[in-house]
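Here the structure is laid out as structure tokens; the discussion comes afterwards.
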């Protein structure tokens, strides 16, 4: 009897044990109004003339089969240029469960609703997405952050406004009770999903160059910087590692080559975080619908060896900006909480539609594809070294550029200098050096 009891206890412990893995999804942009089978003006898609799906040689045989068999699957799982429909959302969640039905936690870096939706479909889409994710992972700590399409209208984030009230009502199951007041006031909260780890969810829309609101404390909108430093102090005192998550990362947009944050807010952010270089392990963001990395060097004059801040930018679920749906699974060290590997999963929308089922595939294993020494984790220094290797290796850069769009087509305004340039001046300096070295 004692042996049986021990076996049962071991089984229970093993079921509840951490697996040192978490999922990261971003930019779902689910639209309850999306019917991509129609593909007309009513679905608000980007015009098909800019798509390049026929350029893929591996599509040719499937195209012939589709035409010969007259398969009614075109647009079934969405289209390049269109936001996420109901079937694509369901298939993404199904594949997430297939990859890991019991992750330690899930990071969601914002933008749940489709683009350009009126208020009614916008709120309906937000609610449906939250219910779908919670229904699939009812016992998993899900950690969201606010995207520019999570507020109405777009980028309209203020202190203590109706958007925050709506999002709290939609995300109440994920916001810790002791963080409700912070979320309702500024849209940020902190949570510790596993022992030794603090995750800080920032409302980065407050800092966006596209946020036209004025604030009573313009140097610190909604007091979020002061709040951030309080959380970093508490985490450091507790001996916890910190992940910072947000929607819009501080740095340069790869398409417009412009700052994503207003410059004074980016400076303030790095001034604060540079004092906690050994506490902050990584940052996770989204927004640009591309799988990218950033490694920005901290600048603390009191230190002789400033570290690099590693940022992992999530590619998107929606194929609206001509990419394949992608999500990632991160593996982390149980003690240091350093990231030790990343596995990305994608599905080719065009092939999925032609075959009539989603063709999910492991896109890459970060450590293997980039030959990373992860003995001490994948931190800012490792990402900076990878950037330096990209400069001298076309094959490494080409892999990175291909993965940016979920293995669709490279649209490369991408350049290696973007990885560790936080400002236009830094980008220009890096580009000048690279050109002269070459």
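Placement of Cβ uses the backbone N, Cα and C atoms for every residue, glycine included.
Here Swiss-Prot flags 1-17 as signal peptide.
Within the same chain, the residues at least 6 positions away from residue 27 (Zn(2+) 1 binding site) whose Cβ sits under 8 Å from its Cβ are 109, 110, 111, 147, 286, 287, 289, 314, 315, 316, 317, 318, listed in sequence order. The annotation Zn(2+) 1 binding site is assigned in Swiss-Prot to 27, 29, 111, 289 on the grounds of similarity to another entry.
As annotated by Swiss-Prot, N-linked glycosylation site applies to 40 (among others).
Look at Swiss-Prot and you will find 111, 148, 247, 287 tagged as Zn(2+) 2 binding site, backed by similarity to another entry. DSSP assigns residue 247 (Zn(2+) 2 binding site) to coil, not to a helix or a strand.
Annotation comment: Swiss-Prot describes 160 (among others) as N-linked glycosylation site, evidence class sequence analysis. Sequence-distant contacts (6 or more apart, same chain, Cβ under 8 Å) of residue 160 (N-linked glycosylation site) comprise 184, 185, 186, 222.
Summarising the annotation, Swiss-Prot assigns N-linked glycosylation site to 271 (among others). All protein chains considered, the CB of residue 271 (N-linked glycosylation site) has 14 other CB atoms within 10 Å.
Around residue 338 (N-linked glycosylation site), the same-chain residues at least 6 positions away in sequence with a Cβ under 8 Å from its Cβ are 241, 281, 282, 332, 376, 377, 378, 379. The N-linked glycosylation site annotation in Swiss-Prot covers 338 (among others).
Annotated N-linked glycosylation site per Swiss-Prot: 359 (among others), in sequence order. Neighbour count (other Cβ atoms within 10 Å of the Cβ, all protein chains): 14 for residue 359 (N-linked glycosylation site). Under the three-state DSSP scheme, residue 359 (N-linked glycosylation site) falls in the coil class.
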Closest by Cα to residue 359 (N-linked glycosylation site), out of the binding-site residues 29, 148, 247, is 29
Around the recorded Zn(2+) 2 site (111, 148, 247, 287), other residues with Cβ within 8 Å of the Cβ centre, ordered by sequence, are 27, 109, 110, 146, 147, 149, 150, 204, 205, 248, 286
For Zn(2+) 1, residues beyond 27, 29, 111, 289 with C-beta within 8 angstroms of the site's Cβ centre include exactly 26, 28, 110, 147, 149, 286, 287, 316, 317, 318, 320
